[in-house]
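Visitor: Next up is a structure, given as structure tokens.
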Amino acid sequence: MAQPLEKVDRRDAKLALAHLFVAFTALALGGFAGLLQTLVRSGKFELPAGISYYTILTTHGVLLGLVLTTFFIIGFQFAAVSRTTGALSDGSRRTGWVGFWLMTIGTAMSAFFILTGKASVLYTFYAPLQAHAGFYIGLALVVVGSWVSGFAMFAHYARWRKTHRGQVSPLLAFMSVTNMVLWLVCTLGVAATVVFQLIPWSLGLTDRVNVLLSRTLFWYFGHPLVYFWLLPAYMVWYAVIPKVIGGKMFSDSLARLAFILFLLFSIPVGFHHQLLEPGISPFWKYVQVVLTFMVIIPSLMTAFAMFATFESYGRSQGATGLFGWLRKLPWSDARFFAPFVGMLFFIPAGTGGIINASHQLNQVVHNTIWVTGHFHLTVATTVVLTFFGASYWLIPHLTGRVMTKAMNRLAIIQTIVWAVGMTFMSGSMHFAGLLGAPRRSAFSTYGNSPQALEWIPYQIAQAVGGTILFIGIILILVIVINLAFFAPKGETEFPVAEAAAPYERAALALENWKLWIGLVVALILIAYTVPIIDIIQNAPPGSKGYKLW
Amino acid sequence: MAKAAEAARQTKKEKEPALKGTLASVFLLGFFIIFSWVSVYFLFLHRL
Ligand code: HEM
Ligand SMILES: [Cu+2]
């Protein structure tokens, strides 16, 4: 207890905080857009001043799906790397700031074109919908900025390895690097379509675009994107939560192996988003669906490791019976409770994912609001609640403050509000989706067709859930602003768990980056080379751009 | 030599925590996944 707390260097803390600040600003604006969407879709409310539903929906998807997540993750990872492998060098930190400003300028630029109605193309920006070139250029800046920050992390990690030869790197640093490798490899696809196809086409330099190629490159990025969101949540689960509850990590090597498996199997699988796309041969869809199902292995490893961590701890505290250990967990600690509720929601979320990726079942749910319900469980509950839970120690750690009891209680309430709101909203999205209700559509009764009328009660339930969720957004903003500016000064721990077994040789073998990156490239080449050649060679004439809003 | 290894294994075995609850939990999780998947599969068959 007398030992001083290990802290993130103050200058690195500033860099991390800058990222968190943009992330929570995006949450505030994007959350408001989400509320408006549910109200419009209930049929009881219309947007004022001729604002288009699709402008709001693009704002929501881009701000929450792309901006909130990327900024939070990079900020969190800078803090995690600095905490576990020491202060960044001046060069790495400066590089991190360059990355931050590139991403921020890019975000501002894209946001400008979205909000002025020149880019209502949704966050997937599928061609042939065509936005103003400034929207794509802004997105490209965000991606380039994230690369710059990724390189700052790689350089820092390489320097640590050089000065600690033969040692296993700290788990959080290893995981951050894995996630940035994943990000770097997958963003190459989206950068390719944006730079070589969409920007020249939106500038009028080219007239037509290969739609299937651009969508394929997007989903080459789009699926790993969801793992880029998820892995930082897993970092918190594996490496932080055991310490928060007062226990130990079940296995350090298992955690590393799971991350490597995610790296390998989350990229060559984008076709599971394109199962109903004509123009891709069923064989290659099948190959990628098989690879998709491989991701279930590290996912179930993670579920097992979490249960085992909790049970080991509970039993060490004298718990008996089959589930007695559950009672020993620190339910009144928001740092544990919020991520734990996130984990619970991942059970239906992951199950929904397996359903989506199964070719036949995909035909039941494809492009229905079921899919929206699905990712509001994965990213908007599991990931986001874990990020909130991490903020409860990360922000006060970085600002030199402490979370008060009252704020902790508010954070518990916030978690419950979010869980209730999301159960309503996502639950009714799932059921309406099974009845065929489309996603990405403003309110319509489709000429009073009986099928569309069936959806309306669910749409009203979505608005109820959305309203509760918006209260949740207000609560988290109150907590975050308190932690950043008003909480009492003091020292807060950045919890990092120890492994139950002190040293595992396997961990060292897992640091073989040449091998992993080689395998990643090999799997991508196997899954994508032939179909992409086919998509280019047998392409129909490209499409002109459409601005349908 | 063999004895020492055996003894080491024995003590290790003793330290191995009893994870019955974990086993039950992962089984429940597995059943939930299978149940949900089969439900939607029947919906698919029903609509064929
Ligand atoms: C107040 C909380 C929220 C509400 C009420 C809400 C509501 C909605 C609704 C109604 C839609 C779909 C509408 C449609 O397809 O027509 C939607 C889409 C979406 N939401 Fe949320 N959401 C919330 C929070 C979040 C969060 C926290 C995230 C991400 C971290 C998120 C990410 C997305 C994304 C990526 C889309 C897809 C947009 C698209 O299809 O183009 N949402 N949201
Ligand atoms: Cu996917």
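Each residue, glycine too, has its Cβ placed from N, Cα and C.
According to TrEMBL, the protein carries these features:
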- A:14-485: domain 'Cytochrome oxidase subunit I profile' (DOMAIN)
- A:20-39: transmembrane segment (TRANSMEM)
- A:97-115: transmembrane segment (TRANSMEM)
- A:135-158: transmembrane segment (TRANSMEM)
- A:170-199: transmembrane segment (TRANSMEM)
- A:219-241: transmembrane segment (TRANSMEM)
- A:253-271: transmembrane segment (TRANSMEM)
- A:283-307: transmembrane segment (TRANSMEM)
- A:336-355: transmembrane segment (TRANSMEM)
- A:375-395: transmembrane segment (TRANSMEM)
- A:416-436: transmembrane segment (TRANSMEM)
- A:456-485: transmembrane segment (TRANSMEM)
- A:515-536: transmembrane segment (TRANSMEM)
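Walk me through where these features lie, including what they touch and how far apart they are.
Guide: Long-range neighbours of the transmembrane segment (A:20-39) within the same chain, counting only residues 6 or more positions beyond its ends whose Cβ lies under 8 Å from a Cβ of the stretch, are 45, 47, 53, 56-57, 59-60, 63-64, 67-69, 71-72, 75-76, 103-104, 107, 391, 394-395, 398, 425, 462-463, 465-467, 469-470, 473, 476-477, 480, 484.
Packing against the transmembrane segment (A:97-115) from elsewhere in the chain are residues 15, 18-19, 22, 26, 55, 58-59, 62-63, 67, 70-71, 74, 131-132, 134-135, 137-150, 152: each is 6 or more residues past its ends and has a CB under 8 Å from a CB in it.
Same-chain residues lying 6 or more positions outside the transmembrane segment (A:135-158) and placing a CB less than 8 Å from one of its CB atoms are 66-67, 70, 74, 77-78, 81, 85, 88-89, 91-93, 95-96, 98-114, 118-119, 121, 125, 169, 173, 176-177, 180, 183-184, 187, 190-191, 194-195, 198-199, 202.
Tertiary neighbourhood of the transmembrane segment (A:170-199): same-chain residues 73, 77, 80-81, 83-85, 125, 127, 133, 136-137, 139-140, 143-144, 146-147, 150, 153-154, 157, 160, 206, 209-210, 213-214, 217-218, 220-222, 224-225, 227-228, 231-232, 234-235, 238-239, 249, 252, 255-256, 259-260, 262-263, 266-267, 270, 496, 499, 510-511, 513, 516-517, 520-521, 524, selected by CB-CB distance under 8 Å and a gap of 6+ residues from either end.
Within the chain, the transmembrane segment (A:219-241) has long-range Cβ neighbours (under 8 A, six or more residues past its boundaries) at 69-70, 72-73, 76-77, 80, 124, 171-172, 175-176, 178-179, 182-183, 185-187, 189-190, 249, 255, 258-259, 262, 266-267, 269-274, 292, 295, 302, 305-306, 309, 336, 339-340, 342-343, 375, 378-379, 382-383, 386-387, 389-390, 495-497, 528.
If one looks beyond the transmembrane segment (A:283-307) by at least 6 residues along the same chain, the residues whose Cβ comes under 8 Å of a Cβ in the stretch are 223, 227, 234, 237-238, 241, 250-251, 254-255, 257-259, 261-262, 264-266, 268-272, 274-275, 343, 350, 354, 357-359, 523, 526-527, 530-531.
Long-range neighbours of the transmembrane segment (A:375-395) within the same chain, counting only residues 6 or more positions beyond its ends whose Cβ lies under 8 Å from a Cβ of the stretch, are 16-17, 20, 64-65, 69, 72, 76, 79, 226, 229-230, 232-233, 236-237, 240, 244, 334-339, 341-343, 345-346, 348-350, 352-353, 401, 403, 408, 411, 414-415, 418-419, 422, 425-426, 429, 476, 479-480, 483-484, 492-495.
For the transmembrane segment (A:416-436), the residues of the chain that approach it from at least six positions outside its boundaries are 38, 341, 345, 352, 364-365, 368-374, 376-377, 380-381, 384-385, 388, 451, 454-455, 458-459, 461-462, 464-472, 475, judged by C-beta separation under 8 angstroms.
Beyond its flanks by at least six residues, the transmembrane segment (A:456-485) meets 17, 21, 24, 27-28, 31-32, 34-35, 37-39, 41-44, 388, 391-392, 395-396, 399, 401, 403, 407, 410-411, 413-414, 417-418, 420-429, 431-432, 435, 437, 443, 445 of its own chain at Cβ-Cβ distances under 8 Å.
Residues 181, 185, 210, 212-213, 216, 220, 260, 263-265, 267-269, 271, 279-281, 284, 287-288, 291 of the same chain sit 6 or more residues outside the transmembrane segment (A:515-536) yet have a Cβ under 8 Å from a Cβ within it.
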